[in-house]
Amino acid sequence: MAQHTVYFPDAFLTQMREAMPSTLSFDDFLAACQRPLRRSIRVNTLKTSVADFLQLTAPYGWTLTPIPWCEEGFWIERDNEDALPLGSTAEHLSGLFYIQEASSMLPVAALFADGNAPQRVMDVAAAPGSKTTQIAARMNNEGAILANEFSASRVKVLHANISRCGISNVALTHFDGRVFGAAVPEMFDAILLDAPCSGEGVVRKDPDALKNWSPESNQEIAATQRELIDSAFHALRPGGTLVYSTCTLNREENEAVCLWLKETYHDAVEFLPLGDLFPGANKALTEDGFLHVFPQIYDCEGFFVARLRKTQAIPVLPAPKYKVGNFPFSPVKDREAGQIRQAAASVGLNWDENLRLWQRDKELWLFPVGIEALIGKVRFSRLGIKLAETHNKGYRWQHEAVIALASPDNVNAFELTPQEAEEWYRGRDVYPQAAPVADDVLVTFQHQPIGLAKRIGSRLKNSYPRELVRDGKLFTGNA
């Protein structure tokens, strides 16, 4: 693999020499940083099994190497990477996998270690969505996830990834993560804080990542991280699990933040060692049981992961002064909900008791039941999935609901050819050789729902959202 030139400030190298355990080679560290990062993917088990995915992609000649800490994660090598971007493959477009760096799969693995099965989870800094979608898959779309993102511009990307992966149990918020301890005290069974950091571990992906690095900025970032972990710890219920992670390497933003929390709340904080998380985890284990992953250990990004338990309640914070505002939705009455459920089932859309129908004007939404306790405490950017819009002739079913709820075995399902599927993703109407019988057609490819179409004569009218339409070369190789 080709080398690339990484910029290292002298003070950074001095700091790394001090931080690195004596069992590791500093020369190996420098050499690893100069190698481009291996690409990796995570199979979306909400859509397919690992075995079925491997069988589906076997003809492509992809070399898939298992990632030790994530059963559904693989490093990937492809001969035609330049000819067809991974994000333009049919399997990516239909949500069968997520392009995710191997190290970033560690925090969710830690969150669900030892059979942990939380029902209400918060992802404090969620965009672009790799960990939120991984959490949703581990929860099998059950329970509820609050996915927060402070950056307004990244909330849209977060929602797009959640929708593509067919996730229904997520509520999105757009807040500074420091508000949650006061706003929703002791409300979550598990919390992931993948904290904003100095990014020292990502130089293999971005050789200029350290251009603006300084010891002073590390200290400023660490101060924010302490405030974030304090807030998250308050939002965690007693007995709950908190995972703190960063993609940086210095101790100030990693071990020191966790030790500060322990010094602040004493016996209420219990560190849960991660040495048994996966075979070979001990190579990155610190004396406190954290994983401090230098890039040469597993040939991946630099990363840090800590897992802790809140053993007892702590004093609550003053209530926040902001006003949430009126909640513009109302629950749908049982009789009407039954009629809506029946109409949805006729086009292949079904859901279980984890989701409940709500209405806003002519919009119908499905909210995860587990998030209802937070209504009135925080303001949501988006809640659950939009099911339909009502009109005089019935319902206009929404694309995100089709991707999350549709069964490819429904009677109205119609399998497209590769060329027809590519036309669909380009936003064009499809003219199949043998037209389907149903008027509302569940369009599938590779036995995966990819949209809902109206049959007009021999034509399938495209309903693929304009913002998702793809140009350029796609999976058949045609531009």
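Placed from the backbone N, Cα and C atoms, the Cβ positions cover glycine too.
The following features are taken from Swiss-Prot:
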| type | residues | note |
| --- | --- | --- |
| BINDING | Ala125, Ala126, Ala127, Pro128, Gly129, Ser130, Lys131, Glu149, Asp176, Asp194 | S-adenosyl-L-methionine binding site |
| ACT_SITE | Cys247 | active site, nucleophile |
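For the recorded positions shown (Gly129, Cys247), fewest C-beta neighbours within 10 angstroms: Cys247. When the alpha carbons of Cys247 (active site, nucleophile) and Lys131 (S-adenosyl-L-methionine binding site) are compared, the span between them is 13 angstrom.
Residues Ala125, Ala126, Ala127, Pro128, Gly129, Ser130, Lys131, Glu149, Asp176, Asp194, recorded as binding S-adenosyl-L-methionine, reach a greatest CA to CA spacing of 20 Å. Sequence-distant neighbours of Ala127 (S-adenosyl-L-methionine binding site) (same chain, 6+ residues apart, CB-CB distance under 8 A): Glu149, Ser151, Arg154, Val155, Val157, Leu158. Each of the binding-site residues Ala125, Lys131, Asp176 was scored by the other Cβ atoms within 10 Å of its Cβ; the lowest score goes to Asp176. Taken residue by residue with DSSP, Lys131 (S-adenosyl-L-methionine binding site) is part of a helix.
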